[in-house]
Structure formats: structure tokens, C-alpha cells
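What TrEMBL says about this one:
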- 1-23: signal peptide (SIGNAL)
- C33-C50: disulfide bond (DISULFID)
- 64-218: domain 'Cupin type-1' (DOMAIN)
- H112, H114, E119, H164: Mn(2+) binding site (BINDING)
- H114, E119: oxalate binding site (BINDING)
Amino acid sequence: MAAAGFLVTLAIFLVSSSSFSYAFDDDPLQDFCVAVPDASAGVFVNGKICKNPKQVTTDDFLATGFNTPASTNNSLGFGVKVADVNLIPGLNTLGLTVLRVDFEPDGVVPPHMHPRATEVIVVLEGTIYAGFVTSNPTDNTKNKLFAKILKPGDVFVFPIGLVHFQRNVGETKGMGIVGFNSQNPGVITTGNAVFGTDPRIAPEVLTKSFQVDKKVIEYLQSKF
């Protein structure tokens with residue numbers, strides 16, 4: 001009787017779990033998918049079509065060149081090499097992206113967010129100041145900063161959708177390996193999203209929002 005009771009309980013649990021697992025939509029892999037009434041219209045979710053399994057090769061799961069630094073020849077002093085579904089077709093539907101990030105001394109990855117993925121960085125070289133900011137509190141207190149000085153061997157996590165940054169505060173070059181739990185994590189750089197849109201956000205909106213002179217907003221927009 002005890003065994004029968006256990007099996008009944010297990011069956012109920014599995015049925016309940018199955019119901020819950022299909023109670024929400026799958027996470028999208030793009031910013032939007034506009035619905036159309038025409039059933040014959042081309043529609044995609046992740047933008048990739050599966051290759052015939054008989055034509056799959058080992059190279060579909062391989063990327064090379066991560067042993068060489070990314071170019072850091074830019075005003076921010078950082079560069080990345082990305083191993084995503086576009087470079088490794090075998091990553092399609094597996095929910096994973098990996099990249100290498102290189103820093104010059106004082107190089108910075110500016111505040112940004114990933115709308116579709118949590119990020120983790122493993123620091124291998126340099127001294128990296130990294131952190132993220134919480135979403136707006138409901139009790140009218142300030143957003144909280146979680147930040148840390150990372151050394152080689154340290155691992156740090158940036159929760160999905162939260163604004164975060166990294167900066168090399170050491171005197172030598174820095175490097176880390178970054179992972180995302182999405183094949184298309186997306187990225188929204190705060191400065192570009194606010195000051196570098198096309199067309200531009202009306203300066204009056206940003207002047208009021210940031211409580212600064214209009215000339216300051218126009219100057220920032222000119223930088224992006």
C-alpha cells in the first residue's frame with residue numbers, strides 16, 4: 001500500500017509539474033515578433049533554420065582564435081571576441097554564448113544591460129572593478145550598487161536585465177571569459193540608448209529627466 005501511495009503521489013506531482021511548465025510563454029530570442037493574420041507570411045522566433053542532421057559536421061560545434069586578444073583600439077579601451085550561434089551554428093537552441101573581453105589599463109565596458117540573459121565573468125588577467133545596480137526600489141530608496149575588485153581566478157555574476165559595468169583598474173592589460181545563458185542575450189548600452197538614438201530623443205525630455213541644462217544634453221548627444 002505504501003508503494004502504491006507513493007506512485008499515486010508521484011503521478012500527481014508529474015502532472016502538476018507538467019501543467020506548471022507550460023503555463024507561460026518561452027523566453028523570446030529577439031526584441032519583438034509582430035503578429036500577422038496571414039498564415040503564409042514568413043515568421044521566425046530565433047531567426048535560424050535547423051540544418052539537415054546528415055549534413056552536420058564537427059566544425060559546426062567549433063570556434064577558434066580565443067587565444068589571441070581582441071582589438072582594444074577604441075576610445076573605451078576594451079574589445080570582445082564573441083562565440084555565439086552566428087560563429088558556432090551548433091549553439092542554436094542551446095541557450096549559450098561565450099565571449100572573450102580584453103582591457104587596456106583604464107579600459108572600461110560602459111554601463112549596459114542584457115535583456116535576455118544572466119552574465120558571468122571569469123577574470124584571467126588584470127584587476128577588474130565590476131558591479132551591477134538593482135532595479136528601482138519600491139520604498140523610494142536609492143538603487144543599490146553591488147561591486148567588487150576582481151583578481152585573476154575570481155568569478156562574478158550579473159543578474160539578467162540589470163545595468164552593470166567592468167573597468168580595468170590595474171596597471172597592466174586585463175582579460176576575462178564571459179558566459180551568457182542565451183544564444184542571443186542582446187545588449188543595451190545605457191549611453192547609446194539615451195543619447196545616441198536615431199532619431200534623437202527631444203532634448204527637452206532629457207533636460208527635464210536629468211535636471212540639467214539643455215546645452216549639457218546637446219553636448220552628450222553630440223558624443224554619441
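The backbone N, Cα and C atoms fix where each Cβ goes, glycine too.
Nobody curates TrEMBL annotations by hand; they come from automatic prediction.
Annotated features, which come from TrEMBL, shown on the structure.
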residue: C50; record: disulfide bond; CB count, 10 Å: 9
residue: H112; record: Mn(2+) binding site; CB count, 10 Å: 18
residue: H114; record: Mn(2+) binding site; CB count, 10 Å: 22
residue: E119; record: Mn(2+) binding site; CB count, 10 Å: 25
residue: H164; record: Mn(2+) binding site; CB count, 10 Å: 22
Task: Quick one: pull the CA-CA distance for C50 (disulfide bond) versus H114 (Mn(2+) binding site), whole Å only.
output: 25
- request: State the mean pLDDT for the domain 'Cupin type-1' (64-218).
  value: 96
